[in-house]
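What follows is a short report on a single structure.
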Amino acid sequence: MGGGYDLNLFASPPDSNFVCSVCHGVLKRPARLPCSHIFCKKCILRWLARQKTCPCCRKEVKRKKVVHMNKLRKTIGRLEVKCKNADAGCIVTCPLAHRKGHQDSCPFELTACPNEGCTSQVPRGTLAEHRQHCQQGSQQRCPLGCGATLDPAERARHNCYRELHNAWSVRQERRRPLLLSLLRRVRWLDQATSVVRRELAELSNFLEEDTALLEGAPQEEAEAAPEGNVGAEVVGEPRANIPCK
C-alpha cells in the first residue's frame, strides 16, 4: 500500500513536483535525500530498509541523512481536495489540511444509528428522519425502572407491578425443581440422622448395662467371702467337754 495521497482525491491535477516517485501519489509527510530527490517519508524509509540507494539516481544514501520537508508539507496541505463522499453527492471542496474537519460534519457521511439494537448506517443529513421511523428507536425502557423495554403501544398499558410479579413468577418456576431436589435431600438426611441417633441411644444403654454388671460382680464376691470364713471357724471349733453323769 502506497504512502501518498490518491491523485483522484484532488479537485485538480497536482503539480508533478508534488508526486512521489515510489508510490506515484501526492507526497505525504515529504522527506528529502541529500541528492535533493523528495519522497513520502513512509515510502523512502521502506525503500532504504531494502536498498541503500536513492530510487531515482541510485546514489548511496544513509538513513540518518533523510530530512523532513515541513514547508512543502504545508504547501501540499493547502491544495484543494474533494470530499470523500463526492460519489454520494457531496460537492464540497476544501484544503487538504481541513479535510478531516469537513468529514466530521459532512451531511453525506455515513453515521451509525444511535438507537440501541439498530445496526443501520445512514447519511448524517438524514439521521434525524431515520430516527423518527427507526423500529429500535421507538422502543424505550420503562422510566420507573422495572427494566421492561416498551414500544409506544405497550407504554400506554404498561403496569410495573404486573411486570415485576410476572418476572418473579417465572423465576420461581425455574427454581422449583432445584428447591424440590433440595427438600428431598433434607428429608433423606433427617431420616438418616434419626437412624443414627437411635442406634447411638441403644449403644449407650448397652454400655451402661454392661458397665453396671462389671461394677457389681466384685462387690458380690466381697460380700460372699466373710460368710464362708465364719462357717469354717464354727466347723473347726473344738467341742467343749461335757461332764458325764
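Glycine residues also receive a Cβ, built from the backbone N, Cα and C atoms like all the rest.
Here's what Swiss-Prot has on this protein:
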- 219-245: region 'Disordered' (REGION)
- 20-58: zinc finger (ZN_FING)
- 101-156: zinc finger (ZN_FING)
Helix-strand-coil residue split for the zinc finger (20-58), DSSP-based: 10 helix, 8 strand, 21 coil
Segment-level pLDDT (mean, integer) for the zinc finger (20-58): 94
